[in-house]
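The following features are taken from Swiss-Prot:
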BINDING   His58  O2 binding site
BINDING   His87  heme b binding site
DOMAIN    1-141  domain 'Globin'
MOD_RES   Ser3  phosphoserine
MOD_RES   Thr8  phosphothreonine
MOD_RES   Lys11  N6-succinyllysine
MOD_RES   Lys16  N6-acetyllysine
MOD_RES   Tyr24  phosphotyrosine
MOD_RES   Lys40  N6-succinyllysine
MOD_RES   Ser102  phosphoserine
MOD_RES   Thr108  phosphothreonine
MOD_RES   Ser124  phosphoserine
MOD_RES   Thr134  phosphothreonine
MOD_RES   Thr137  phosphothreonine
MOD_RES   Ser138  phosphoserine
Amino acid sequence: VLSPADKTNLKAAWHKLGGHGGEYGAEALERMFATFPTTKTYFPHFDLSHGSAQVQGHGEKVADALLHAVGNLDDLPGALSALSDLHAHKLRVDPVNFKLLSHCLLVTLAAHHPAEFTPAVHASLDKFLATVSTVLTSKYR
């Protein structure tokens, strides 16, 4: 459960991303593809080369979904229900991949905002991404 301090940290962290969410989302995807090559199997129709328009576009989708989640911290299951259905029933993404992408997002955010990436912010972001992952995999059961 996200505490009031976590919610404050998350909103502040997302505010600092400014217009870079899509850029960071794409960078996190590229990190994931490089570090965990098996994740590429879910994107057979994508050009997965550095800076590809398809990876950039999907990075934007990831960032938009997380921004939507941050705006609905008190109802993450409701806010992410359609996305959970999509990943569980249509795309059939292995749930472990959400954890892998979450890790790559944390690394990307820490690399770009080291001063703001305090232990408290890190813990709040980690808890948030774990909660989002849990919600996204809830329809698998």
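Cβ coordinates come from backbone N, Cα and C, glycine included.
Recorded features from Swiss-Prot, shown on the structure.
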residue	record	CB count, 10 Å
Thr8	phosphothreonine	13
Lys16	N6-acetyllysine	13
Lys40	N6-succinyllysine	13
His58	O2 binding site	17
His87	heme b binding site	21
Ser102	phosphoserine	19
Ser124	phosphoserine	22
Thr134	phosphothreonine	14
Thr137	phosphothreonine	19
Ser138	phosphoserine	16
- Query: Counting all other Cβ atoms within 10 Å across every protein chain shown, which of the modified residues Ser3, Thr108 scores highest?
  - Reply: Thr108
- Query: If you average pLDDT over the domain 'Globin' (1-141), what do you get?
  - Reply: 94
- Item | Candidates Lys16, Tyr24, Thr108 (modified residues) - the one closest to the residue listed as 'O2 binding site' by CA | Tyr24
- modified residues near Thr8 (phosphothreonine) (Cα-Cα within 10 Å), from Lys16, Tyr24, Lys40, Thr108, Ser124, Thr134: Ser124
- Note on the structure: Comparing the Cα of His87 (heme b binding site) with the Cα atoms of the modified residues Lys11, Ser124, Ser138, the shortest distance belongs to Ser138
- The sparsest Cβ environment within 10 Å, among the modified residues Lys11, Tyr24, is found at Lys11
- Using DSSP, tally how many residues of the domain 'Globin' (1-141) sit in helix, strand and coil. 112 helix, 0 strand, 29 coil
- Message: Tell me which of the modified residues Lys40, Ser102, Ser124, Thr137, Ser138 ends up closest to Lys11 (N6-succinyllysine) in space, Cα to Cα.
- Response: Ser124
- Query: Which modified residues (Ser3, Lys40, Ser124, Thr137, Ser138) fall within 10 Å of Tyr24 (phosphotyrosine) by Cα distance?
  - Reply: none
